[in-house]
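Novice: Not my notes, these are from TrEMBL:
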type: DOMAIN; residues: 2-83; note: domain 'GST N-terminal'
type: DOMAIN; residues: 89-210; note: domain 'GST C-terminal'
Amino acid sequence: MTKLILYTLHVSPPCRAVELCAKALGLELEQKTVNLLTKEHLTPEFMKMNPQHTVPVLDDNGTIVCESHAIMIYLVSKYGKDDSLYSKELVKQAKLNAALHFESGVLFARLRFVFEPILFAGGSEIPADRAEYVQKAYRLLEDTLVDDYIVGNSLTIADFSCVSSVSSIMGEIPMDKEKFPKIYGWLDRLKALPYYEAANGSGAEQVAQFVLSQKEKNAQKA
């Protein structure tokens, strides 16, 4: 029996993207929590596995794979019954890769732009220009959704990546349903997945609660 170990932190959007992918594939993961706030990711043991000291990290019987997008592609390519989640067809694969870069370069990057000053630098407010930067990302995503899902009319790993970031930041930067109806429709389709809440929904709520709590603590110290 293959032993898949995921070094993870459930509040982390990239980690939850991998959890969604594993659930979609019917894979069981042994999850080992790595607490970033207590710097468990900087231990010699962890840095030997991943010199970039980030989560998630997958250990597949000694094969180490780092970075959420790479992990999902690996899991689908090795364990998927078909290529529906990550197409082998060149044109669709190119669109999927573009969507993954959009998630990491725009959606997740802007989430970090908002959250990191609060989590690591004592910030107690989200500056208006940073909030507006997120709203512009929402608009880009809305315009991207020309079909039911991020790439075409079927679920792919691009949806797992994008929803992990979007669901996390919505708790801090509200999204107007009238302005972004396609995103809300897409979110409803993903929330209907039987594994969505356990793999992503609960973690996204935890992020929002934690950031709010940290903002309040930082304000009291100021």
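From the backbone N, Cα and C atoms, a Cβ is placed for every residue, glycine too.
Where the annotation comes from TrEMBL, it is an automatic prediction and has not been curated.
Can you walk me through where each of these features ends up in the structure?
Specialist: Mean per-residue pLDDT, taken over the domain 'GST N-terminal' (2-83), amounts to 96.
DSSP places the residues of the domain 'GST C-terminal' (89-210) in helix, strand and coil in these numbers: 87 helix, 0 strand, 35 coil.
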Novice: For the domain 'GST N-terminal' (2-83), what are the DSSP-based totals of helix, strand and coil residues?
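Specialist: Reading the DSSP string over the domain 'GST N-terminal' (2-83) gives 34 helix, 17 strand, 31 coil.
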